[in-house]
Every structure is written in structure tokens, then in C-alpha cells.
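Asker: As annotated in TrEMBL:
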- 212-378: domain 'Helicase ATP-binding' (DOMAIN)
- Cys437, Cys440, Cys477, Cys480: Zn(2+) 1 binding site (BINDING)
- Cys446, Cys449, Cys464, Cys467: Zn(2+) 2 binding site (BINDING)
Amino acid sequence: MTIVQVILPVPLFSSFDYLLPEGCAMPTIGCRVVVPFGKQRRSIGIVKGFSSHSEFPIEKLKPIEEVLDTETLFPGILWDMLNWASAYYHYPLGEVLFHAMPILLRQGKPAEFTPLWQWYATQEGEALDLNSLKSAKKQQQALAALRRAPLYRHQLDEYEITTATLNNLKKKALADLRPIQPAPIQWQSTFAVQGERFKLNAEQAVAVGAITAQADQFSPWLLLGITGSGKTEVYLSVLETILAQGKQALILVPEIGLTPQTIRRFKARFNAPVDVLHSGLNDTERLAVWLRAKRGDNAIIIGTRSALLTPFQQLGIIIIDEEHDGSYKQQDGWRYHARDLAVFRAKQENIPIVMGTATPSIETSYNVAQKKYQQLTLTQRAGNAKPATEHLIDLKGQPLTTGLSPTLIKAIKEHLNAGNQVMLFLNRRGFAPALLCHECGWIAECPRCDHYYTLHQKHGMLRCHQCDSQRRIPSQCPQCGSTNLMPVGLGTEQLEQGIGELFPNTPITRIDKDTTSRKGALEQQLEDIYQGGSRILIGTQMLAKGHHFPDVTLVALLDVDGALFSSDFRAAERFAQLYTQVSGRAGRAGKQGAVYLQTHQPDHPLLLTLLEKGYDAFTKEALQERQATFLPPYSSHIMIRSEDHNNQKAPQFLRQLKQFFEQHPMRDSHLWVMGPIPAIQAKRGGNFRWQLLLQHPSRGYLQKLMSVTYPQIVALPESKKVKWNIDVDPTDC
């Protein structure tokens with residue numbers, strides 16, 4: 001009797017034994033099965049393996065009810081990576097596997113292509129004189145596009161065509177929808193490089209040559225290129241070699257907003273299928289891209305963090321753009337780091353991986369120093385553009401107008417008068433970070449979090465940026481009854497209002513989470529900026545991430561003091577990266593850029609290092625400091641967090657764990673157990689949050705310690721009374 005070992009999406013590290021019924025086809029490892037689980041419950045599981053015996057009596061084992069797949073969902077190397085990741089991050093394999101699957105597959109839907117709906121021009125639409133639609137410009141443009149080639153639904157955003165416009169054409173019998181059964185795409189036989197190709201400079205040519213020379217083996221590269229040095233052109237040139245071999249490519253980007261401009265460049269260069277994969281797609285679209293990658297139908301996938309978990313028929317290279325970006329680290333559930341996991345996958349696939357950035361993470365710089373990665377450097381900006389001039393503004397004693405000093409206002413006027421664009425950076429969205437009663441000092445605070453409500457005046461709401469709760473702005477103080485309520489501090493919404501008053505005839509665009517939540521909104525705003533329709537750009541860190549604005553000549557960081565003082569040892573690194581990335585947006589070939597930084601701390605060592613010596617000098621100093629203090633990358637961390645609505649239970653569990661580790665037989669003199677202490681966000685969503693940090697010079701030791709002790713921790717009665725999790729290589733300490 002064959003016993004099938006099945007992994008279920010439950011918080012357990014063990015598999016479950018089931019019987020394979022007579023006459024049932026033998027499932028493959030990595031395929032889905034339907035099994036009974038619990039009382040009168042059917043569950044979808046993943047086949048992990050087979051055995052001829054079980055630790056349970058055969059008569060007590062239940063049979064598999066249905067085999068859903070004829071082949072594995074996780075081809076060999078991907079299966080190995082996910083199993084390794086489960087062990088490394090100490091997260092149940094069932095939940096890791098289900099995290100890696102598209103939602104429709106988790107629900108039991110078939111792992112097969114569904115018809116794709118395609119818009120096309122009807123015979124009447126093909127014959128119509130387009131000039132007859134002059135009064136309906138959008139319909140005219142849409143019909144012209146359909147006459148060039150039919151468009152699938154998922155392509156409409158790319159062509160800036162709305163469903164409403166197409167429905168109007170359908171009512172006129174000029175366009176219609178039809179289902180198309182996707183056939184395998186043999187793009188390799190017709191692959192060619194097309195469109196405009198820029199001549200590589202000497203540094204770019206060296207980089208391309210070095211990477212392609214090792215294209216058939218595992219080779220991790222740091223492509224260190226200052227902003228505007230042409231890293232994307234290096235990516236494209238390398239891909240010419242990879243795609244010509246018939247292999248696929250995975251491009252990881254940190255933000256959904258980076259994909260539209262990136263995909264345009266990749267599609268313009270290659271006549272091969274390019275897909276995007278990110279959380280902005282609906283479930284059907286995500287499954288279709290996943291299936292195309294597995295079958296080899298797409299040449300390139302551009303996606304955010306989770307795109308790394310996609311199966312490929314023949315993956316040839318992984319490229320990680322802005323490798324330093326914090327969004328590559330998952331901050332809840334399975335807390336994996338996509339950059340680190342991508343390096344592991346590249347090694348397993350025996351392919352190159354290129355990590356591009358102007359501001360490498362300290363860990364990546366360390367790996368270069370340790371000869372684990374090779375570094376390629378780009379120092380020339382396109383068109384030999386000069387570096388931006390840097391100006392430090394001391395805010396002490398200065399009168400401010402909506403957060404702007406007189407010096408900065410004067411500079412903004414000069415750059416606008418010269419016909420250029422200006423970028424103002426403020427990493428706080430909303431109108432103001434707090435609402436204060438001027439009479440008694442009451443401040444509107446979220447009752448579920450250790451955090452003030454942010455004032456969003458446009459919508460008349462107070463919103464908590466931690467748990468997303470909101471309430472109407474009160475008309476009077478709930479503590480003293482006064483109506484004298486006033487905003488405290490500056491947010492992007494208030495900045496936009498103030499700038500509008502200072503420059504009333506100047507078009508302004510604000511880019512933050514509030515203005516880009518609607519699908520397609522960010523793309524529309526970026527296009528408006530590129531076309532020169534907006535002159536002043538206001539935004540949060542979304543503006544700092546890879547966007548190319550050729551007419552921006554002035555960049556200003558309005559308030560950086562909060563980033564200079566933090567208990568998190570990585571805060572300085574994040575600010576240094578942010579400053580360098582933002583300042584790199586100023587100026588391009590033929591236009592001298594300027595960067596203004598407002599602060600009350602003009603003599604702060606971090607600012608002086610960045611302005612006088614640059615990011616490379618900061619990295620060297622940071623590595624020396626971390627080595628002296630035994631901080632990562634010179635040691636390894638595992639964070640154990642607990643939370644509960646009772647502020648006694650959460651720390652009590654961690655205190656018990658601390659005693660447990662300090663008395664454990666595996667403990668050596670190098671193990672530090674620090675805490676428990678309140679988390680940086682000590683209360684969120686009604687729960688009090690605490691953390692315990694394990695530190696050791698050896699990553700292998702910490703991994704072994706956690707593997708040995710995890711079952712013992714789970715067995716503790718207190719572990720069932722609080723919510724807790726393990727974070728390996730945490731990025732917020």
C-alpha cells in the first residue's frame with residue numbers, strides 16, 4: 001500500500017500521511033491533492049513524498065480524495081529552493097508553498113490556461129474612416145490601436161485605453177471581444193533585437209562583457225552605478241545574449257510603479273514576450289503569467305518581490321534593480337528577503353545574478369569585500385552630465401513658509417524661471433502628522449496603536465498609518481471642548497497646498513500613497529511629468545525609486561532631522577541611501593542640477609560625510625563601526641517577536657524564552673540574548689508588541705540553535721497564549 005506524504009497550509013513543520021486509493025494515478029511530488037483534514041473538512045495539500053510505512057496504524061489513515069495535477073507545480077530547483085527557505089526562515093513548508101502559488105491554485109482551480117479575452121476591430125471598424133470619430137478622440141485612438149493589432153484585456157493599461165471607451169466602440173459595432181485559447185509561444189525562433197540601441201561607453205562595455213563571459217554559470221555581480229549612469233542599458237545589452245540562447249530572464253524591481261517605464265524599454269528592445277507580475281494584477285492575470293513562465297511562453301518577467309517564486313522553463317539570469325531597497329524584505333508572515341533568496345536560486349540554477357544600485361546595502365558591500373560577489377562600476381552619467389551641486393540649509397532661526405526656508409524658495413523660483421522642473425521631497429504623507437488642541441494640549445491618538453492619527457484634510461479624516469483605522473476630524477476637543485484644533489507638523493498634502501499659494505500659476509503633481517492608490521493613477525501622473533505638464537513635483541520616497549525625470553534640476557529634502565536620530569542601527573544606512581538616490585534625480589546632460597537639504601543639524605557627522613565624501617565613504621565608515629560593535633554583517637541576528645492585547649503576556653513569553661536560551665546546553669559564550677524590549681512600534685492594531693534578539697558571529701550556529709529549539713518552544717504552554725513569530729536576518733531592530 002502506497003502512503004503519500006502531504007504538506008498542508010497549516011502552522012506545522014510535519015507532513016501528514018494518506019493512502020493512495022486503488023486505481024488512482026500516482027501523483028508527482030509537488031502536485032496538489034484534495035484530502036480530508038479535521039472534522040468534515042476537505043483541504044488542498046501538496047505531495048511531499050511517498051513511503052511504504054507510517055508511524056500511525058494503516059487502518060487509521062484516510063485516502064486521498066482527488067489528485068488535481070498531472071505534473072508538479074514546482075519544478076526541481078524551485079522545489080529545492082522553497083524547501084531550503086522553509087528551513088532557513090523557520091517557517092512551515094506548507095505555508096511557504098501556498099505563498100508561492102497563485103491564489104486560484106490555492107483555491108483548487110485547474111493549473112491550466114483559461115481563454116484570454118481579446119478586443120479586436122470588427123469589419124465595420126476596419127472599414128470606418130477614422131476622421132468620423134474626431135469628436136471622440138479616445139475612441140478614435142482606441143480603434144486605431146485595434147486596427148494595428150488586437151489587444152488583450154491585460155494590455156489595455158499599457159496603451160492607456162479604458163474598458164469604457166471600448167464598450168462605446170462595441171455599442172457602435174466597431175469593436176468586439178472574443179475568447180482566445182493561448183497556444184504555446186515559440187518566441188525563440190523569431191527572437192531579434194529591435195528599436196534604438198545606445199552606444200555603450202567604456203565602463204558599460206566592460207560590465208556587459210564581464211557578465212556575458214560568465215553567462216553559463218553562477219556568478220553574482222554588484223553593478224554599482226551612480227544615478228543616470230546607464231545601468232538599464234547594461235541590463236538590456238546582457239539580455240541580448242541570454243535571450244538569444246533561448247533562456248528566460250527575471251527582472252525584480254522594488255515597486256509596482258517602476259514596472260510601466262521599465263517594461264516600455266524592454267518591449268522596445270526585444271520582439272519577445274514581456275510579462276509583469278505584481279500585486280496590482282487580478283487573480284486570473286497572475287495565474288496566466290505564472291503558467292506562461294512555467295511553459296516558457298514569456299522571455300522576460302518584470303516583477304516585484306514575489307515574482308522570484310515563479311517557476312520558469314529555462315531561467316537564464318536574475319537581475320535585481322535597486323538591490324538595497326527595503327521592500328525586498330517581506331515584513332509579515334513568511335519573512336523572506338527576495339534579494340538573498342534570489343542569490344540562492346541563481347546558485348541552484350547555475351546562472352548569473354546582477355544586483356544593480358547606486359547605493360549598495362552594507363551587506364552587499366561586505367560580500368564584495370569578502371570576494372563573494374564581483375563588482376562592476378559605472379561612474380559616468382549619460383552625456384557626461386555633471387554631478388549636482390549640494391547646498392546645506394541651516395533652519396535654526398529661519399522663518400519658514402510651509403516648511404520652506406527663504407533660501408529654498410528663492411532657488412525654486414530661479415529654476416522654474418529657467419523652464420525646469422523642481423522636486424520637493426517630504427517623507428510624510430497626509431496634511432499633518434498630528435492634530436493638537438491649542439487650549440489643553442490634547443493630541444488625536446489612535447486607540448489601537450502607539451501612534452498619532454495623521455490629519456488628511458482633503459477628505460476630512462484622521463487616519464492611522466499603522467493599522468489603517470480612521471475617523472472624522474472632530475469639531476471640538478474631546479478633552480476640554482475647545483474648537484481651537486490645529487495641525488502640527490508638515491505632510492505632503494499641506495505642502496502641496498502651501499506651494500500652490502506660493503506659486504499659484506505653476507502646475508503641481510503630488511505623488512504618494514494617497515494619490516496613487518487608484519489603478520493606473522501613478523502611470524498617468526508620471527506621464528504628465530515626462531510631458532512637462534507638471535513643473536513642481538511633491539512626494540514621499542516613491543519619488544526616489546528609479547524614476548527618470550530629465551527636466552528636474554532642483555531637488556530639495558525638506559526635513560531630514562527625524563532620520564538622523566534613531567535607535568535602529570540601520571537608520572543611518574537608509575537615510576544615506578535615500579539622500580543619494582533623491583539627490584541623483586537632479587540634473588541630466590546639458591542641465592546642471594542642484595540639491596538642497598534643510599536641517600537643524602548642519603554639523604551632524606552623517607550629513608558631512610555624505611556631502612563631503614559621498615556614499616562610498618559612508619559605506620566604509622559604516623562597515624568599520626559595525627565591525628567594532630559586532631553588528632551585521634559581522635554577526636547574524638534572529639528576532640523573536642510576540643504580541644498580545646495584554647501587555648503582560650507578550651513580554652512574559654519572551655522572558656521565558658530568554659531564560660530558556662541562556663540555560664540551553666547549546667549556548668556558548670558568543671551568544672547574546674538581548675531583551676525583551678518593546679518593538680519600535682510598541683502598539684499596533686490593539687496589540688502590544690515586544691521583541692527578543694539573538695545575536696551570534698556564526699549564522700550556522702544560530703540556524704542550528706533555532707532548528708533544535710523550535711519544537712521545544714512550540715511545546716511551551718505560553719507559546720499558545722500569544723501571537724509570535726521568528727524573523728531571520730531582520731531589517732528593523
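Using N, Cα and C of the backbone, Cβ positions are placed for all residues, glycine too.
In TrEMBL, annotation is done automatically, which means it is predicted and not curated.
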Asker: Please name which of the binding-site residues listed here, Cys446, Cys449, Cys464, Cys467, is nearest in space to Cys477 (Zn(2+) 1 binding site), Cα against Cα.
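Answerer: With Cα distances computed to Cys477 (Zn(2+) 1 binding site), the winner among Cys446, Cys449, Cys464, Cys467 is Cys446.
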Asker: Check Cys437 (Zn(2+) 1 binding site) against DSSP and tell me helix, strand or coil, would you?
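Answerer: For Cys437 (Zn(2+) 1 binding site) - judged by DSSP and reduced to three states - the answer is strand.
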Asker: Find, among the binding-site residues listed as Cys440, Cys446, Cys449, the one whose Cβ has the highest number of other Cβ atoms within 10 Å in the structure shown.
Answerer: Cys446
Asker: Which one of these binding-site residues has the most other Cβ atoms within 10 Å of its own Cβ: Cys464, Cys480?
Answerer: Cys464
Asker: Taking the Cβ of Cys467 (Zn(2+) 2 binding site) as reference, which residues of that chain separated by at least 6 in sequence fall under 8 Å from it?
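Answerer: When sequence neighbours closer than 6 are ignored, Cys467 (Zn(2+) 2 binding site) has Cys446, Arg448, Cys449, Arg684, Gly685, Gly686 within Cβ distance under 8 Å.
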Asker: Just the number: how many Å between the Cα atoms of Cys440 (Zn(2+) 1 binding site) and Cys464 (Zn(2+) 2 binding site)?
Answerer: 22
Asker: Around Cys437 (Zn(2+) 1 binding site), which residues of its chain at least 6 apart sit with Cβ under 8 Å of its Cβ?
Answerer: Ile443, Cys477, Gln479, Cys480, Ser482, Asn484, Leu485, Met486
Asker: In terms of DSSP three-state secondary structure, what is the assignment for Cys446 (Zn(2+) 2 binding site)?
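Answerer: SS state of Cys446 (Zn(2+) 2 binding site) = coil.
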Asker: Return the count of C-beta atoms lying within 10 angstroms of the C-beta of Cys477 (Zn(2+) 1 binding site), excluding that atom itself.
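Answerer: Its Cβ shell of radius 10 Å holds 20 other Cβ atoms.
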Asker: Could you pull the average pLDDT for the domain 'Helicase ATP-binding' (212-378)?
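Answerer: Value for the domain 'Helicase ATP-binding' (212-378), mean pLDDT as a whole number: 93.
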Asker: Taking the center of the Cβ atoms of Cys437, Cys440, Cys477, Cys480 at the recorded Zn(2+) 1 site, which other residues in this chain have a Cβ no more than 8 Å from that point?
Answerer: His438, Glu439, Gly441, Trp442, Pro478, Gln479, Gly481, Ser482, Asn484
Asker: Can you see whether DSSP assigns Cys464 (Zn(2+) 2 binding site) to helix, strand or coil?
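Answerer: Looking at the DSSP assignment, Cys464 (Zn(2+) 2 binding site) belongs to neither helix nor strand, so coil.
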